[in-house]
Amino acid sequence: MNVTATEHGEAHAPILQGLWESVRSGQEDILLSPYLPASYAFLTHVLLCAPFLALDALGSVCRRVRSWRIAAGSGPPPPLRRWFDCFWRVLYRYLTTVLPATALFHTLRSPALPQLAPSCWQLFVEVFSCLLLFDTLFFIWHVSMHRVTWLYRNAHQLHHQHHTPFALAAQDSGSLELLSLLLLALSSAWAVGCHPLSEAVFHLVNSWLAVEDHCGYELPWALHRLLPCMGGAPYHQVHHTLHSVNYAPYFIHWDVLFGTYRAPVKYSRPK
C-alpha cells in the first residue's frame, strides 16, 4: 500500500498528503491511543445525529420536514426526553463495555502510522472494500441474532424496542451487540489492510449510513435515491416493522440473494 502512496500520493493527492501530515504532526500519541477507536465511534455517532435532532425539532413547525417522515408507521418525531434517555444508555455501554474491550483489541493490533498518505484511488478502494466486507459480516451476524433465540434475547432484542427508530437509536443496543458491531468494523479495516486515513473515513461513512438508516426520514438527498443498490432508511424501517426481512445494513444484494428482501411500500407525500 505504501508503494501506491509513494508512486501516486504526491502526484494525485497532495491534499491528502497535506491533511495526513497535519493530522500526524504531534498527534502520534493520540492516534495510537487504544482508547481512540471507541471514542471516535461514539463522538462521530453523536455528532452525525445532531442534524436529525434538528429535523425532529423543525418537524413540529415545518410541514415540509414532516412530509419527509417515512409514512409506514413512523408516527411523529420522538420527544427530546427519548433522545436524552437513549444518549445516556449508549454512553453507559460505551464506558463500561466497548471502551475497555476495543482498547484491548487495538493494543493487540499494534497499529502503525505510515509517513505517506494514500492516493485518492487507494482511499476509495479501501473504504468501499471495507463497506462491502462489513455489510457481509453484519448480514451474517444479524441473521444469526434473529435466528438464534439466546442471541436475540441477550444481544439484539433491546435494539428492537424501537419499532419506530430514530437516528440516535442506531447504537441503542445491548452491550454485546454494540461491542460486536464495533469489532466487526475494526476487523473489516484490519482485514482490508487500510491506511489509517482510509480507516478513519470508513468509520465516518459507516457511522453516517447507520444513522441515516435509523433516522425515520426519506430525505430528498438520501444516498439510496442515487444508488439503487442501497436500501436506506425506508428499507431498514421495514426490518424494524417485520423483523424477518432486510437484514443487511446498507446494500440489498445479500437479502435479494437469500430471499429476505422486502421492498419498502411507496406512499404519496402531502403537497
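Glycine is treated like the rest: Cβ placed from N, Cα and C.
Residues or ranges marked as domain 'Fatty acid hydroxylase' in TrEMBL: 128-260. TrEMBL lists 38-59, 90-109, 121-143 with the feature transmembrane segment.
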Summarise the model's confidence over the domain 'Fatty acid hydroxylase' (128-260) as a mean pLDDT value.
92
Pull the DSSP breakdown for the domain 'Fatty acid hydroxylase' (128-260) and write it out as helix, strand, coil residue counts.
93 helix, 3 strand, 37 coil
